[in-house]
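As written in TrEMBL, here are the features:
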{"type": "DOMAIN", "residues": "14-390", "note": "domain 'Major facilitator superfamily (MFS) profile'"}
{"type": "TRANSMEM", "residues": "81-107", "note": "transmembrane segment"}
{"type": "TRANSMEM", "residues": "172-196", "note": "transmembrane segment"}
{"type": "TRANSMEM", "residues": "216-236", "note": "transmembrane segment"}
{"type": "TRANSMEM", "residues": "242-262", "note": "transmembrane segment"}
{"type": "TRANSMEM", "residues": "274-294", "note": "transmembrane segment"}
{"type": "TRANSMEM", "residues": "300-318", "note": "transmembrane segment"}
{"type": "TRANSMEM", "residues": "339-360", "note": "transmembrane segment"}
{"type": "TRANSMEM", "residues": "366-389", "note": "transmembrane segment"}
Amino acid sequence: MELREEKRRWLSRNIIFLGLVSMFTDLSTEMAYPVIPLFLKDVLKAQPLFIGLIEAIAEATASILKSFSGYISDRFRKRKLFILIGYTLSAFVKPLLALATMGWHVLLVRFADRFGKGIRTAPRDALISDSAPRKFWGRTYGFHRAADTLGAVLGPLTAFIIIGLFKQNYRILFGAAFIPGLIAVGLIIFGIKEIVPQTKKVFRFSFNRLSRKFKLFLLIMVLFTLGNSSDAFLLLRAQEIGVQPATIPLLWLVFNTAYFLWSYPAGIISDRIGRVKTIFFGLFIFSGTYAGLALTHKPLLVWLIFGIYGLYYGFTVGNQRAFVADLTDAEIRATAFGVYYAILGLTLLPANLLMGFLWQKFGFQTALYVGSGLAMISGILLLSLSDFFKIKRDSRRAI
């Protein structure tokens, strides 16, 4: 009875519908994403450095926009409008991959898709914290990540079926990705409600309003992100080891299943033992998986490593967002999310180019070892500063 009452306090209408929107959007995205590097390499004959460039530009675009959309969302105290615009844009441009005949066509589609993500992400994550009590933020963000990742589980499975039915015709797959994206747009229009701010303060923002704890956490995550390039490189490595192109979506399914299974439990764990320890564990797992992919030459082990890699996502992604919410004031929270995503996304530009360069110039092992090492250093730094990051669970402000 007590558990049911507790769930009622955080599992609001908005949390449920935001989870469903992310589920259908990720179903659409993950139908296409795992095969894009293969489509670029095998069909459009693109080189690894160009693949890195595409991912770098796409993610940097999204990240720059996140800061602006977060600021404007706080300024006008609106979340739903930006969420709707962002998801709608991504839903309508993704199927255009089916028409691509050159590498730069894929670049344009990825740019527009990430443009949509940039508009929606910070307001969406702020609306999640607006829609639940602070003491449940770990499980709230964990629930959202779990719903999102359920779509990511169904996406590769759907892709595997479509590729099997249509003899590896990637273009049909890209066109089919439009359907779940359109469903997500409908759910936003009819399901999500704007939260009216409890206070009517005039919005003023300066970087001095961001807490020292937030800034230090951001710096540590920048260091980690320098070694955390696009997962497209991991999929290429899996193919090099011997995983067949037709089964790449199933490999991505294994990863996303682990991500889905651990997202919500990891949120509960972080509510109980703290964000720092939970995120550290995720970074430790990341370091091990990158090192494992550098060392192994056995396709069977790749499947195990990708399952463990999903554990990293489960323990870090939702809890990083909950930690950002912990460290920021409510009236500037969307802006803080935007700053966080913008800086990390801009860091992805050199990260992806570095991975592509190291891979092409010195080989996959050097590239993966660099990523593994940076993750371990970042995790140790975060854990060593755990006393500094402590906050009062009921406090409204971070220092």
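Just so you know, glycine gets a Cβ as well, placed from its N, Cα and C.
Just so you know, TrEMBL annotations never went through curation; they're auto-generated.
Touching of the transmembrane segment (274-294) and the transmembrane segment (300-318) is concluded from the presence of at least three CB pairs under 8 A, sequence neighbours closer than 6 excluded.
Highlighted: of the candidate stretches 81-107, 216-236, 242-262, 339-360, 216-236 has the greatest count of Cβ pairs under 8 Å to the transmembrane segment (366-389).
Residues of the same chain lying 6 or more positions beyond the ends of the transmembrane segment (300-318) and with a Cβ under 8 Å from any Cβ of it are 138, 141-142, 144-145, 149, 234, 238, 241-243, 251-252, 254-263, 265-267, 269, 278-279, 281-283, 285-286, 288-289, 292-293. If you count C-beta pairs under 8 angstroms between the transmembrane segment (172-196) and each of 81-107, 242-262, 339-360, the highest count goes to 81-107.
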